[in-house]
Amino acid sequence: MSDQSARPIGLFDSGIGGMTVLREVRRLLPGENLLYLADQARCPYGSRSPDELRAIAAACAAWLIARGAKLVVVACNTASAAALADLRRRFPAIPFVGMVPPVKPAASRTRSGVVGVLATPATLAGDLLHDVISRWAEGVHVIEQACPGLVEQIEEGALDSPETMALLRGYVTPLLDAGADTIVLGCTHYPLLVPQLRAIAGDDTLILDAAPAVAQRVAQIVQERGLMRNVNTLSGAITCATTGDPERFANLIHRLDLPCDRVEQAVITIDA
C-alpha cells in the first residue's frame, strides 16, 4: 500500500451515463473512495468536434486530479474516442482507463454473424470504434447505428416515456430486421435503458456493456501499482459533482437508484 491509496478513483462523463461505470467499479472495489464528475453544463458530448472534446476532457481530468484522483476513468465512449491518447500525454503520472465498445466479445458470441452497435454520432465518427471493428470483427457484419436524442432523454430521467421508446424502437428495429442477434452499447448512458431495450429486442438478443471490463481493468491497475485502499469492512465514500444543477442531479441519481453519498457543485474552465 502506498500513501496514495486513500486518494479517490476519479471518473467523468457528460452526465449520468458514467454512473453505470461507477456502479461496476463500486461492485468490484467497495472499499475505494470514488469521485465522479458529471459535466452536465456541456451535455451531450455526442455532437461536439474532436477539438472541443479534447479540451473538455482535459478540463474534467484536471478537475479530478486537482482533487486527488489517483486514477481517472474516462467513463464516456465519445470522450474516450476523441481524447484518451491526449489525456495520457497531458497527465503522464496518472493512469487513465477509457471506454472501448465490446465489439470483440460481440464478434465471438454472435450466432447470426450480425452485430449492431448503438453509439453517439461522435463515437461513430472517431477512429477507435473502427479500429476495434477492423481488428476483432473480421467476417462479422457490424452495423453502426447513431442514436441522437437518447442521451438527452436519459438525462431527463424519461426512460419509459413514449418519446424515448419511439427513439429506441427506431434505432433498434433496423438492426433486428438486418439479422443482428447481438447489440453493443457504445455509450455509457445506454445501459440505463437495458430493460426498455430488452422489451424491444427480446430475451434472445445478447446486449453487451463495456462497464464490467472497464471496472476489471481499474481493479487490475490499482492492484499492480500498489494503489489499493487498505480497508477491511468500511465502504469507500462516493462523491458526485456536477457542472449543472446539483439538486436536479441528486434527484436523478436517486430516481435511477445509482450509488452516491453526496452531490456537489463543480466549476470547470475550458481552455480555448
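Glycine residues also receive a Cβ, built from the backbone N, Cα and C atoms like all the rest.
According to Swiss-Prot:
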type: ACT_SITE; residues: CYS76; note: active site, proton donor/acceptor
type: ACT_SITE; residues: CYS187; note: active site, proton donor/acceptor
type: BINDING; residues: ASP13, SER14, TYR45, GLY46, ASN77, THR78, THR188, HIS189; note: substrate binding site
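Sequence features, as recorded in Swiss-Prot, placed on the structure.
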residue : record                 : Cβ contacts under 8 Å, 6 or more apart
ASP13   : substrate binding site : MET19, VAL21, LEU37, ALA38, ASP39, ALA75, CYS76, ALA79, THR188
SER14   : substrate binding site : ALA38, ASP39, GLN40, ARG42, CYS43, PRO44, TYR45, CYS76, THR78, ALA79, VAL151
GLY46   : substrate binding site : THR78, THR120, PRO121, ALA122, THR123, PRO148, VAL151, CYS187
ASN77   : substrate binding site : MET99, PRO101, ALA119, THR120, THR123, GLY186, CYS187, THR188, ALA210
HIS189  : substrate binding site : GLY15, ILE16, GLY17, THR20, LEU150, VAL151, ILE154, GLU155
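Residue annotation for substrate gives ASP13, SER14, TYR45, GLY46, ASN77, THR78, THR188, HIS189. The furthest Cα pair among them is separated by 12 Å. In the three-state DSSP classification, CYS76 (active site, proton donor/acceptor) falls within coil. The Cβ centroid of ASP13, SER14, TYR45, GLY46, ASN77, THR78, THR188, HIS189 marks the substrate site; residues of that chain outside this set whose Cβ lies within 8 Å of it are GLY15, GLY17, GLY18, PRO44, CYS76, ALA79, THR120, THR123, VAL151, CYS187, given in sequence order. The active-site residues considered are CYS76, CYS187; of these, CYS187 has the fewest other C-beta atoms within 10 angstroms of its C-beta.
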